[in-house]
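S.K.: Before we start, here is the structure in question, set down as structure tokens.
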Amino acid sequence: MAIAVNRPLMLMILDGFGLGPEGEGNAISQGRLPNYRRLLAGYPHTRLRASGEAVGLPAGQMGNSEVGHLNIGAGRIVYQELTRISKAIRDGSFFSNAALVGAVRAAREHGGALHLMGLVSDGGVHSHLDHLYALLDLAKREGLERVYIHAFLDGRDVPPASAAGYLEQVEDECRQKGIGAIATIMGRYYAMDRDRRWERTARAYRALVAGEGHQASSPSEAIRASYERDITDEFVEPAVITRDGRPLATVREGDSVVFFNFRADRARQLTRAFVDRDFDAFERPGGRLDIQFVCLTQYDVTIPAPVAFPPQVLQNVLGEVIAGAGLKQLRIAETEKYAHVTFFFNGGVEEPFPGEDRLLIPSPKVATYDQKPSMSAREVTDAVLERLDKYDFIVLNFANPDMVGHTGDLAAAIAAVETVDECIGRIVQAMAERRAPLLLTADHGNAEEMREPDGEPHTAHTSNLVPFILVDDRYRGASLREGALEDVAPTVLDILHIQQPAEMTGKSLIVKG
């Protein structure tokens, strides 16, 4: 028999509140949290995976607030770009991708070359070497012979003088596959500027198109020459690899280019130099080239070029399903996490759904939040308590454990989680008076790990599990299974007796007797 539901149902997200070993560096176990511990002792609870493959990230990668809220709100694993592309390589769909295959075939049909340009490192922030190697495989499968790599050097997400090793790896891969050669190298300072320093982008573009730059007979020679001038990877000036005194390859009419960076912000300027018709940031040698240019992901909606992996459109996310049931909902957070309970929770959609109200509580104006660990948690609490009776569903975020956790100040993090616990107590009491259900969870870990093994401050997120507590007297005897963030939305719908849409692949955490 279905359990009657009193309104509102509240989903409370404690940002950066993970489950870690008790110890001196764990602000959560060190803090006085009587309300949180009382809920753990008295109500059904479980643990959720909030990092790595469970939230669409590479295995072992820590979670974050954007990804956490995206998965919670979507009710399914939302694969991030890096993971989506790597998954496509594994399942083979990469090699039938229309945009990528189209670029390779266009080069073949026009008697042109394929140019693969992007960041060559294993930093995993902007690009991935596996994606470059898969593009080489695709070109070989399609029978293309002339394939050239334009290697942008990192030195930021990896050590500052590590490029030689990555270039050797790429050259080894080219030899093993029997396809591809490095034609230019340059630091990301030039090729990946995002601050409208167009003179930098111009130097990168002219090296790629006109062969302008330092000359070297091999990538290793170019790197050596740069290091001798005390210029490390990020700042390596554009260098052109030559054969018999001429550039090995430049981008020409009839060629195809694939920009294999998956992160958008630092790929936009160079892309615009290639594809924009009314480009006026600098003079392009020979004007706009007639080439096939493909972006690996969508760098900007206004860029006129094919995209191999366009943004995912998430249908039937939790907010949409709640709206479709005719229910009123509230999203409330302070400034630091407002986008997370709105844009990210709604699957990357800016517009509210019908019946969805949003309330932003300003975050305090301090340089760092260890100066005010309470942040605006009490103000968020005051505001939500005033509005409990106006809504059917409320999503609330407390930012403190994450934002104060990032400062590395253990005492401040303890004060932060103690403030949140005080607020939990006030909200739980008000919800209990209404016999309304409260679901308490987190998006990723942070405050439970404030010390490195050597005693230094730890300021990053963690890969730890996060709590999930079902606070409702009618479910006191219920059992909950372990799961992942994708299972939160189906649990909300289960309690509200709303049909779970097929697009949600998560499952309710409530074990059916």
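The backbone N, Cα and C atoms fix where each Cβ goes, and this holds for glycine too.
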S.K.: Report the candidate from Ser65, Ser479, Ser508 that shares the Mn(2+) 2 site with Asp15, Asp443, His444, as recorded in Swiss-Prot.
M.R.: Ser65
S.K.: Record says Arg156, Asp157, Arg188, Arg194, Arg263, Ala264, Asp265, Arg266, Lys337 bind substrate. Source is Swiss-Prot. Which of His110, His115, His126, His406 does it list for that same site?
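M.R.: Checking His110, His115, His126, His406 against Swiss-Prot: the substrate site match is His126.
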S.K.: Given the binding-site residues Asp15, Asp157, Asp402, and counting only Cβ atoms in the protein chains shown, which has the most within 10 Å of its Cβ?
M.R.: Asp402
S.K.: What other residues of the same chain, not counting Asp402, His406, His461, have a CB atom within 8 A of the CB centroid of the Mn(2+) 1 site?
M.R.: Asp15, Gly16, Asn64, Ser65, Pro401, Met403, Gly405, His444, Asn446, Ala447, Thr459, Ala460
S.K.: Determine, to the nearest whole angstrom, how far the Cα atom of Ser65 (Mn(2+) 2 binding site) is from the Cα atom of Ala264 (substrate binding site).
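M.R.: With distance taken Cα to Cα, Ala264 (substrate binding site) is 19 Å from Ser65 (Mn(2+) 2 binding site).
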S.K.: Rank aside, I only need the closest one: which of the binding-site residues Asp15, His406, Asp443 has its C-alpha nearest to that of Asp157 (substrate binding site)?
M.R.: His406
S.K.: In whole Å, how far does the CA atom of Arg266 (substrate binding site) lie from that of His461 (Mn(2+) 1 binding site)?
M.R.: 24
S.K.: Got a sec? Which of these binding-site residues, His126, Arg194, Arg266, His406, has the most Cβ atoms within 10 Å?
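M.R.: Per the Cβ count, the most surrounded site is His126.
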S.K.: Whose Cβ lies within 8 Å of the mean position of the Cβ atoms of Asp15, Ser65, Asp443, His444, the Mn(2+) 2 site, other than those residues?
M.R.: Ile13, Gly16, Ala50, Gly63, Asn64, Gly68, His69, Lys337, His340, Asp402, Ala442, Asn446, His461
